[in-house]
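Contents: one structure, followed by commentary.
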Amino acid sequence: MTSTTVALPLPLVPPDPLPLIARAPGTIAPHSTFVGPGRTLHELYSSLGNVAERHANRAAHNLGLGPAAVAERIRLSFGDGEAREESLAQLTSATPRKLEKDCARLVKYASPSEALSTQLEAFQCLVELATRYIGLRHIMCPCVDPQSVGLGEDDLAQSWQRDEAISDLRWNFARNLAAACLADRDLSSLVEGAPPAELGSVLVPSAGISIIERLLVASDCEGASKYSQPLAIRYLGGILELPSFWRQSGPVYRGVVQKLLARSTILLKDLNLDALEPGESMPEEPECDTEGVDIFCEALLVGILTWLPGEKAQTNDETWYPSLYALLQLLRQPRCEDVLPKAAYIAMSSDFRALVATVPECIIEETSEAIIDGEAIPATPEPKKFRWWRRRRDRIPKQAEPEVEAITPADTTAELKAKVLLLGNGESGKSTLLKQMRMIYNLPFSSSEIEHWRQIIFDNMTRGMHYIMEELIDRGLEVPIAHRLEAALMEELYDIGEDEPFQMDYVNAFHTLWNVPVIRAAVQDAMGECAFPENLAYFSAMVNELRASQLYAPTMDDIMHLRIRTVGITETTFRVDGMETAVFDVGGAKSERRKWIHVFDDVTIIILTVGLTGYNRCLIEDRDANQMQDSMAIWDALCHSKWFKPNTAMVLCFTKNDLFEEQVMTSDIIDFFPDFNGPRRDAAAGRKYFGRRFHRLATKAGRIPDRDTFFHVASPTNNQEMRQFMKSVGIIMRERQQASSALKSRLAHLWQV
């Protein structure tokens, strides 16, 4: 059989730096109609002023003045490669006086007294240096805030505001990004707390997430500031420029490289560069940090060029290659030369043209059947499809073993550790299961957490009823006249603060409206099209307790019934039967699912929560998607995914069994799943039916050998049922870690399909 090769569209010459375009004499502004002398003189003086300003800036740069010249001196003081890492390490103990002066000068250029273009250049240099040279922010902050009062992001941005209003989107974005960078406390504390040599390390002492993977997560989710995502991308670029990151090896490290490549591909797709033609202007996106994306992609490609020769000589696993190919394809789009000049230059360089000249067609078509959030995850390629690559690899001299290999754990008698993932769509009970784990394994809630839960009780009641009122309006239904005042109150959302008593007018209005028969009937009718909260009946029943104490302290049962959307990834560590266990809870909404890949490494057990009540409900974020069918798609993807180790255990936990037994009495399963042939209003038949559906997905053709699946039914709000479930999970974890063959025989009490 002959293999087809497809040549990459590579230009012969890399893009040159954009030259200054000289204006022809006498062509200041052509007009087809007569223009008075005043306007002509104004345009003439404006053009002359711009020319004079450019010449002044160039002269200042030649004299060592201006933001660009100061930034260049700072870069030279750090050096490159090993010298750069040593200089960064010394910042924690002593700061050179010259470096402090240069930082102070750079901050001064950001003051409103400077020219507009000087300010813009200063903002850009501040962000670049603070994120590329981690630790430099500590030196810049005292220059911006001499009184150490802790200026916030908005205060800092306001201090740089000019007297006149600025309509330049680039200037406003650069100012706000610089303010967010210097005022940041979250990302900076993450990266500045580690030595430079450990910033890019993928090996962590416990079953946690490395710094670079935490930054990958932060680059894909909302943070404390709306500029957290671009800052995380820039910090990643700074770490990738350190040689210590590229000296690592091993499967975990290659997985991180693949995630970096996948993230860069998503960033470029978000810019829509492949949809633009040469010369076509890019839509204005004032909140898009293309310079940061350029730095990140450039550092990634330069690092890969230094890493690939040794990688090809040391491993036969090239699962990262499809992601690299996709990135190069995007960077070779015509518009990339203008928008991302540095990364495009590297992608079209002779190094990559020699390295990736032709690619088998199988790689272009190689995608996984498992799709999460509508995005295909590259499948693990079969080794035989990459023989063409290995022939080239064999001709490259083998490099010495990297020093990082020496820190690979080799003590087989060390304490057992496990990693558990809690996955599932929204409203499936993941976070409630995690709260039960905290109770079972004696990890109590702090006073601040309990106060937070108290505020969430009020939030769940008021926002839940507000959602119902909005839906009634959309359906053309009216609240009875006797309850119009309560309905009008629920149209206005109110959030209580810390130690603030419940607003009883809202509590009473909620209780009254929930018990109106017309409203309850409308909620029941709309259940299949609207994801109404399931805890409103519970909170309505406890109104008397809330009336008795407006500073009501929630019980454990109350906390289990609370609903709060999970955003990002949370990690909680327990000791389960003497074994250290890291449990990761991730957001279940579709917009959160592409972050799941960041915790797929070295997983012991995956728990997928599936709400049995979801058979007649839609997703919160998508009214056209059924919760149960969405869970089936996730389960199918997980069971057949090659991202996990073959012996990773898959546990499916059917949740909300108590609510399911009530729901089937009023809503027939056959109305939503026509192939259901069991008796109506029979919860046991319903559980059996859904169990068989999920079991068939887990055992269909293409399953991973040695991957066991287990099923369980429980209600996360029931502590006794959850204790039995976690006992079973503990057995699975220990057997997985000890590679015992007696697993299934010891788990006979688990519900079998």
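Cβ coordinates are placed from backbone N, Cα and C, and glycine is handled just like the others.
Note that TrEMBL annotation is computational and uncurated.
Per TrEMBL, the feature GTP binding site maps to E427, S428, G429, K430, S431, T432. Taken from TrEMBL, the feature Mg(2+) binding site applies to S431, T566.
The least crowded of the binding-site residues T432, T566, judged by other CB atoms within 10 A of its own CB, is T566. The C-beta environment of S428 (GTP binding site), restricted to residues of the same chain at least 6 apart in sequence and closer than 8 Å, consists of G588, T609, V610, G611, G614, Q627, S631, T655. In this structure the alpha carbons, written CA, of S431 (GTP binding site) and T566 (Mg(2+) binding site) are 8 Å apart. Using T566 (Mg(2+) binding site) as the reference Cα, a 10 A cut-off selects K430 from the binding-site residues G429, K430, T432.
Each of the binding-site residues K430, S431 was scored by the other Cβ atoms within 10 Å of its Cβ; the lowest score goes to S431. Its Cβ taken as reference, E427 (GTP binding site) is surrounded by 24 other Cβ atoms within 10 Å in the chains shown. The Cβ of G429 (GTP binding site) lies under 8 Å from the Cβ of T609, G611, C653, T655, K656, P716, each on the same chain and at least six residues away in sequence. Within 8 Å of the centroid of the Cβ atoms of E427, S428, G429, K430, S431, T432, where the record puts GTP, the same chain has further Cβ atoms from G424, G426, L433, G588, T609, G611, T655, P716.
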